[in-house]
Each structure stands twice: as structure tokens, then as C-alpha cells.
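**Q** Below is a structure I'd like to ask you about.
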Amino acid sequence: MMAIGVVFAGLKMLTKFETKSNRVKGLSFHSKRPWILASLHSGVIQLWDYRMGTLIDRFDEHDGPVRGVHFHKSQPLFVSGGDDYKIKVWNYKLHRCLFTLLGHLDYIRTVQFHHEYPWIVSASDDQTIRIWNWQSRTCISVLTGHNHYVMCASFHPKEDLVVSASLDQTVRVWDIGALRKKTVSPADDILRLSQMNTDLFGGVDAVVKYVLEGHDRGVNWASFHPTLPLIVSGADDRQVKLWRMNDTKAWEVDTLRGHMNNVSCVMFHAKQDIIVSNSEDKSIRVWDVTKRTGVQTFRREHDRFWILASHPEMNLLAAGHDSGMLVFKLERERPAFAVSGDSLFYAKDRFLRFFEFSTQRDTQVIPIRRPGTTTLNQSPRTLSYSPTENAVVICSDVDGGSYELYVIPRDSITRGDAVPEAKRGVGGSAVFVARNRFAVLDKSSNQVLVKNLKNEVVKKSSLPIAADAIFYAGTGNLLCRTEDRVVIFDLQQRLVLGELQTPFIKYVIWSNDMESVALLSKHAIIIASKKLVHQCTLHETIRVKSGAWDDNGVFIYTTLNHIKYCLPNGDSGIIRTLNVPIYITKISGNTIFCLDRDGKNRAIVIDATEYIFKLSLLKKRYENVMSMIKNSQLCGQAMIAYLQQKGFPEVALHFVKDERTRFNLALESGNIQIAVASAKEIDEKDHWYRLGVEALRQGNAGIVEYAYQRTKNFERLSFLYLITGNMEKLSKMLRIAEVKNDVMGQFHNALYLGDVRERVKILKNAGHLPLAYATAKIHGLEDVVEHLAAELGDDIPSLPEGKTPSLLMPPAPIMCGGDWPLLRVMKGIFEGGLDNMGRDGADEDEEAADGDWGEELDVVDLDGLQNGDVSAILEDGEAAEENEEEGGWDLEDLELPPEADTPRASVSARSSVFVAPTPGMPVSQIWIQRSSLAAEHAAAGNFDTAMRLLNRQLGIKNFAPLKSMFLDLYSGSHSYLRAISSTPVISLAVERGWNECASPNVRGPPALVFNFSQLEEKLKAGYKATTTGKFTEALRLFLGILHTIPLIIVDSRREVDEVKELIIIVKEYVLGLQMELKRREMKDNPVCQQELAAYFTHCNLQTPHLRLALQNAMTVCFKNKNHATAANFARRLLETNPPNENQARSARQVLAAAERSMTDAAQLNYDFRNPFVVCGATYVPIYRGQRDVSCPYCGSRFVPSQEGQLCTVCDLAVVGADASGLLCSPSQIR
């Protein structure tokens, strides 16, 4: 399937949908749904959705070709007639044939439902037309009179008439009024009696009203005009004839000639004064009814046309041909319009109209009809408005693309009677770019002509791309479109401001502040910034029709059947469905203003709650989110899934009543209380298990135990009691296993308890006497051993001699572990606000339980605090001082919070002993506890972990160059105080970014002696040394930078990118300088000297240094008579436009000398045409496509044989090692 538009002079046939199939003989549009039936020569009937381009169903009960098919207007039925002489009535909802009507004796050509009565009319090669009642499933009339095949028959859309066409060269019109009267029940007995007589003695239900003769050959098709007393027919004489009729007669009006072969089908257009015909000459022709002339022709290369169908309510046509069918429109229905503030200018019925959004006043402004134009597809295509000059530029497809400029008098908007003279011109598109300037695209020269309001060219600009349309992009700027990209072009500076690859763009819609733009293609929406930086892309399966920005920066758009929204992050959703397509003009609050296809202004009120809610979440406007949750009816699976996906399961929890969903959301948000409540309601094993897993993750042993108990998971319960040290309950588990007669369970529990006697007893009861004996013997239970030995007799097992057994005894628990202590955390924005929601409702208790967002979990269990957490127990420093003065023992007078009772163990039994406070964690340990930055570990003195981190992150193995830096970092992040001469020196940590307001209990990261600005200074010094030719000094500086970077820490992501960029810059210089120093050592090898000089020019150097490298390589090669290579360096040097005249002059001289002899004396391993990188160890080129390995730190490339060796460029990392990448900022870890 594909959709194409084929353009002819003046007419554009817009193909909306196309299929490839067997020959199509019958077509029918559904009156309401976007469906079309196609009956094929193969006997298959296809049901297509032409909007989505999908095959919905296929029906294949006919034997042989199916020539006629028709949808019922209101019932879920269609009828088909085929070469098997059968008429079949189908129900498409039930996907089957309901019944078959038999009676015709030859091929059936057409079938059609009556628009009102339960009738079907059929035409057949048996020379008859039959009318059937599909409710009683009987033939109610046979129309005879044709004396050859009847090719088609159809009901009149309003009157009691049937028209038929036959190969007997006639068109007949039949009056079926009597049949209608017969169908309506007679009112009295006399009428009923006369009707019975008529039935018995052969009364006539249908009579021939007219016989239209005039065709020279067989007539293939005839059809009525939907409203006028006209008939059109098409025949094998290649002519289309137009007939008129009145109450008494019918006559030929005119003949339309032009088809080159038999005319297959012909019909009047439902909305316009045109006739559409198709033919076996492989063409569709459009004729003007009033002028009776051909308007346009649409041809196919290989396919003959057989059938036409017209949509009963929309401007759509379909045509069937040898290899499929196509659905098309003859012209666009989108009205041209432009919005400016509170005003809308739009074109309708050849008038420019004005609509005011605030008052909804609609007025006619000026006529814009061009005299002498034909009616088809000449309507305005685009409209551009200048509010200051009150001028309008209207573009249309007339003359291959032209524009008209109207300057509207100020008072004409209210009067609508002025007719200003239009200024015309030729151009593909024209838009205003300034107050009194408009730009016109001249496609032939790919130029934009800027014109004034007198239609005079004031400026010409060549476009940077071959554009086929231009759009407004801000004052003085144009958005230029090609097939696969758009470009913003500044007309004043002639610069490209932005470029973006896109599908073919049809419409461009700017936001109110001109900061964002929506680019609409047929099936996609691309949102970009004003410089065309891509933000998001949305794909739609059906066509995108229009769009506008609302005041919140949300893009609202329409497809053929929906109004939808797109948030700045690319999230989208449906606002409402549409019956007919609309074109959005403006959005004001909850009102969408739009134009429909008839050019009427409409205002649609929408519910914006969903997208405003999502936008508030996206922009972190949590107060708005809170108020919307409390006041609106946001609900539904889609909203819950969205909140889950965006990381707000705790918010989603407040919308949900379904217990399973609540359980899943509660687990996801860690709300163990709600999860327990939901698990109780659901009471399924799987849910209890999942609850246990989550509770175990949170360290909530009580709920883990409860979950295991509910599922009777005794093995897990026993293990839980073992790890929490609950020996009492473990003993109970042993008893339970005994009651259940679970031998393995008993043994495991005895093993966990360390109860050897019990284990021996279990083994003995299970009949494992040798194992019981061995266990008792090893554990020294002599009384049991004697008893078992007597039972075993001679079968006593022998135990190994001289070996000390290791006993399976669990360690005795020091204390019974309960729930893990929890940290105090700040309540989230939603937690406090949502806790009280719904408390006033009927389900008060339930809501209270649901609204509890784990507050109990956040309360710290002070009994379980470490001794070191003094700050949590004591309220402030005064309490601490008071404790100190009184010795810390007399607790009665101390005013402590009641829940902070000091555990008894901390009070010494002997009151005279001083209890020292527990030492806190050293600062150096705090630094490394959560840091993955090697520099902070080195500053803390933990060199071992720092080296491990660098090895894992950057593959560094040689730490010798970093040793002095590690020591500098450590000494630089500590200061030392001497208190008294006899006491040791006190070490103090120096923190980064410390200030007096900082909390004394919150430790900052260590101060570092190396920073990024130092490296920038070193880089400048390295550049200077390179310029002056001090290569050894420069290499030392650049290597120093490479060795320092692993121990640098920066704050932002932007600085991280700068550090990575610095590595690449420095690596290039190190490699280049190493090659240059190597070259200077090799005085006796001129070929190698030239190669190294050449490779140096391919390092990524600053332009001044590149010029020096090129001059150096040029000189070396020229001296060694490699003139062609020297000339290449000379050309590259001149391309850099050297400001130094000596450089330029020497390059020109070398070029001139080389041109006389473009040869090389020696063959070099150097091909400047083939891109390459240089191996950092062997200094040989690695050309594109060749395999290589790289250094995980500096990125230098090496030949594969160097894998596993130390990188010769940075002298730190191992070539080809696995590494996670540079980590130099806390922002990378968050």
C-alpha cells in the first residue's frame, strides 16, 4: 500500500490509499466508517480500512469473479453478486454470509441496496433486472425489456426510479412507484383484493419510463445525478453522454468525447459540478458538467480501469483496475488560513474572510476570485498576513504556482465591500518576513526574492539548499524545506541558523513565543527549538492534519479522527475523538478554535486535565499536581501506568481501588503497610511471597515472618529465625516439623539449633543407626554411644583415626535481631498532602489505611540506635553539657524526651568509673564510604582503593607516574595541629567548599590540590613550548596533563565533557611530539624521517602548529626529492591561509618547483588520500577498515599486536583493557 499525489496542469489528484491485488470489478464505500469493499475477479471480497491502510477482512464464498458489491446504508450488511449466478447477503460483524438469493440465470453485473426500503436491485447477463426483498429473501419484481446483457442497474437516490444500461445500446429508466405502493400495506379490503388480483393475473410493478437511445455500441454504465434530473452514461463507443429528463420525456444533452477505449464506468461527483469516468484506455477523466469539456486526465501505465465508486458523504472517490484499486480526492479540502493575535483570516468560496476569536464574529472582507479560472483545485493553498500593513499574500497552484498580494483597507474588515486590486506574481510559495516585505520562492533559480508591498524586488538571496517551499521563521528568517530536511535561513546575514533532518514537512507551526516549532509531516510530528535543535518526534499511523500550541507550551494536534496532545518530552495522548477532520486555528484555555472542511469556524471545548496533570509532573510543579489529585476525577489504567512509568507509584496509589494494582504499586513505592493490607484482601500465595521478598529487602523481619506464616513456608521461616537469632521460635519450628512428620525439616531445625541429641534421635528414628552413632561419638555423647553400639552389634562404623573432627555447630546468637533501624527522611511533596485525602468519606477506616504512606516506617526506633548516634538521643548541645557537668549518671534530673531512655547497658554498675564517649568515624573513612572518585580515595590516604578504581575505570596499570600526585593529594587535604608537646600531632581534614554555616555533623568532600584551571594553564604553556620548538619541554607538560586528569574532580556535566575533550587534545600533541622527537633521532634514515614528518601533519593540532608541521614535512620531503608528496603538503599549507608571508612564499615556491617534476624519489608508507590514524607505539598508519585496538584512557589507537602492552602515549593504561570510563564528577554518579 502507498499513498501518492499525481500532479497535472491545474488538477492534483490526491491518492489517499492504494492496494495491489487481483483485478477489482466492484467497489463500495461504507457511509460512516473509513471502510471500502473491493470485489475481485478471483472471487474474493476484501474489506479495507483506507485510513489505516489495513485489510480488515476477506470473504471468499463466491465461485468465480464477483462483479458487484454494495454496503447497506445503516445495517451491518453488504450484498455481492458474482459469475456463479448468486447474490449473497453478508453480515460483516458476524464475518459470514447470511443467505443467498437464487434466480438469475447468468453472470450478475451489479447489486445495490435501496436507500430506504429492504430492497436489492441486481443486473444480469440473463437480460433481466431483478428487485429482491432481503428481509423476506424473495424476488419481488423482474424487469424485462433489454435484449442483451444488462451491465448495470441502480436506484435513484430519492425518487422511485431505476436506471439500467445494456449492451443492446440503450439506457432504460424504470418507474417502480407501483412496487413501493405495494410494499406499503394497503389500507382497506378493496385495495387488498385488487392487489391479490394483480398478483394472480400478472400486474406490472415496474414499467419502462424512458428508453434512451444514442450510443452506437453497448452501454456499460449509467447513473443518476444525486439532485438534478440528469443521467450520465458511458459505452463501448468510447463516448460519455449526458441526458436530461422531465415527467414526460428524456433527451440527450451532450456527448463528451476523449476516451480512447470502452468507457467502463461513469458518475456525477456528489459535491461538485463534474463528471468522473474511467475506461479500458487506462485513464480516469474528469469533465466539467456546465462547460461539457474535459478538465483533466489521470493515467496508469499498464492497468485498465473497470469500476468507480463515490463516497456517499465525503469528497472521496475510488477506482478499480487490473492490479488493484485506489482511493483518491480530486482536490484539497483544507482551507487556507493565517492567525494573528485575536484574528483569523481565511479563504472560503473565493472570498477572504475575517474571524475574531474573542467575539466569534465572522465577516467577509474582500473577494479573491480570479476571473476565467476553472473550478478545480485553483483554491488558495497558503495565506500569509502582515498585521501592521493589513496585507495578505495568498498562494495557489494556478499557473504552476502563483501568489496574489492584497492590501486591505482598514475599514473594509467591517464593511466587506471593498475590492482592492491584487498584485500578482509567479512563485512556489510566498510569506511575509517583515512588516512590509514578503519573500517569494523562485524554484528555477533556487532564489528567494524579497519584495515590497508594491510587488517590486528589493533583494535576492540564493538559498543554501534546493528548497521546494518556504515558511515564516521569525522576522527576517525563513524555514526552507526539501524532501528530507528543513533549514532556517537568515535573509539579512545569509546564514544558516539551524538544520534538521526530517520526513517531508507539510506544515510549520510556531509557538506563541517563537521559542519552539512543530513540523508536521503526513505521519509524524517533530518538535524542535527555534534553532532547529531536535526535542522529540511523534509517529502517527493515520494522517496528521493540523496543530497549534496552547498557553502552557503543549502542542495540540489533530489526526483524521482524533484531537491529541504532545508534551515537551514527547509524551502524547488522546483528548477526544472526531467524526470529521478539523483544522485547529487557535487554542485559548480549554477551547479549541478550528475550521472544518466546509470552511466554517467551530469552537470545541476540551478537558485539558490529563495533559495539564502530566505537564505539572514533568515540570515538577507538585503543588498543581496535589490540587489536581484532590479536585479532579483523574483515573484509569493509562494514568496509573503513566505515573508508574514516570517514577511516581506513590501518587498512582491514590487513584487505585483494585487491590492487585494497589499491591503492585505499594511494592514499587516501598509502602509495606498498604502492601500488607492488599495482600490480606487478595490472600494468594504468590502475593504473600512477593510481600516477603520486599519486606526482607527493607529489613522488616516481622512482616517477613507474617508473610511466611500465611503461606506455611516452614523452610524459609526456620532460616529467618536462624539469621535473626530467634532460638525460641526455632524450637517451635522443630516441634511443628515433628507433628507434620517432616524428617528433613526436623533435622534442619535441630542443625540450626545446634541440638546434637535431637539430631542423633532423629537419625536413629529414621533408621540411620550408623550415622546416629557417628554423630554421637564425634560430639562426645558417651551414654548415647553405648546404647547405639548395643543396637548395632558388629555393624559399628569405624571412624578415621588421628583426625580432629570439625563440628557442625551454629554460633550462639549474641542478641535476637529485630527490624532494621530506619533513617529519618524528609517527607516527599505528596506524602503529607495526600495522607488526609478521603478521610471524610464513608470508607473512613479503609481510606485512612490507604492514605498512610509509610509514615510509621519513617519513625526511628530509638531503642535500636547505635551508641554512637548521640545526636539523635540528645536534643541539643545544652543537654550534652548538662550531662557532662553531672557526670552522666544521675539521670533523674535530666530532662530528656521520654522515648530516649538510655539503654541500661550504657550505665556502669560502678558509678566511679568515667565512661568515654564512643569514637566517631574518621573523616577519611567518611570520604571514601560513598565515593567512587579515585582522587577522593587518594586524598583520604586510601591509595589501594584509589588504584583499584583507576584500574577499573580507565584500565590504568602503571601507577609510578601517579605516585607523587597521590602523596600531594593526601598531604594537601590534611592539616596538622600540635596541641601539647607531649601529645601526638592532631590531623585535621580539610574539606572542599567549607564555610562557617555548614552543619558540624555533615562532612564535605576533601579539598584537592589539583583543579581544572591548572590544567588549562599547563595546556597554554604546552602550546607555547610547541610554537617555540621546545618539543621536550612541551611533551613533559602535555604528559603532566595526561597524568593529572585521572585525579581531577569537576562539578558539572559540562565540565566533564571539557575534561574528556582535553584528553583528546593532549593525546594528539603527545603522539605528534613523540614522533617528531623520534624523527630527529633518525638522521641516517631519510625515508623514515619523511614518513614521521608526514604522520605529524595528521595529528589534530591547533592551526598555527599544523602550519609548522606542514612546513616541516614539506621541507623534509622536498630536500629528499619527493616532490609530489612535498607539493601535497604545500597545497595543504596554503589552504590554511598562513598569515606569515614567508610560509606562504616557500609553499608557493615548492609547488612551482614540484609541478615541473611531479615525482617521488623514494616510496613512502603514506597515502594522504586514504584516511588513517597512527599507531602510538610503532608509528605506522592504520588505514580505515583495518583492525586496531585502543587505550581505554587516552583513546590512542594501536596495531592489534600491541594489545596487552602499556600505552606508549599516556604511559598509564593497558592497551585494549576493559574499562568503565572516566569518572571525574559527582554529577556522573547521581
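Using N, Cα and C of the backbone, Cβ positions are placed for all residues, glycine too.
Note that TrEMBL annotation is computational and uncurated.
Take a look at what TrEMBL says about it:
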- 59-100: repeat 'WD' (REPEAT)
- 101-142: repeat 'WD' (REPEAT)
- 143-176: repeat 'WD' (REPEAT)
- 212-253: repeat 'WD' (REPEAT)
- 256-297: repeat 'WD' (REPEAT)
- 352-596: domain 'COPA/B second beta-propeller' (DOMAIN)
- 624-779: domain 'COPA/B TPR' (DOMAIN)
- 827-1230: domain 'Coatomer alpha subunit C-terminal' (DOMAIN)
- 878-898: compositional bias 'Acidic residues' (COMPBIAS)
- 878-905: region 'Disordered' (REGION)
**Q** Which stretch from 59-100, 212-253, 256-297 shares the most C-beta pairs under 8 Å with the repeat 'WD' (143-176)?
**A** 212-253
**Q** Counting by DSSP secondary structure, give me helix, strand and coil numbers for the repeat 'WD' (101-142).
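**A** Across the repeat 'WD' (101-142), the residues distribute as 0 helix, 24 strand, 18 coil.
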**Q** Under an 8 Å Cβ to Cβ limit, what residues of the same chain, 6 or more beyond the ends of the repeat 'WD' (256-297), are close to it?
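**A** Same-chain residues near the repeat 'WD' (256-297) but 6 or more away: 8-11, 13, 217, 220-226, 230, 232-236, 238-242, 303-308, 310-313, 315, 317, 319, 321, 330, 374-376.
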**Q** When secondary structure is assigned with DSSP, how many helix, strand and coil residues does the repeat 'WD' (212-253) contain?
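**A** Counting residues by DSSP class gives 0 helix, 25 strand, 17 coil.
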**Q** Do you know the mean pLDDT across the repeat 'WD' (212-253)?
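**A** Result for the repeat 'WD' (212-253): average pLDDT 94.
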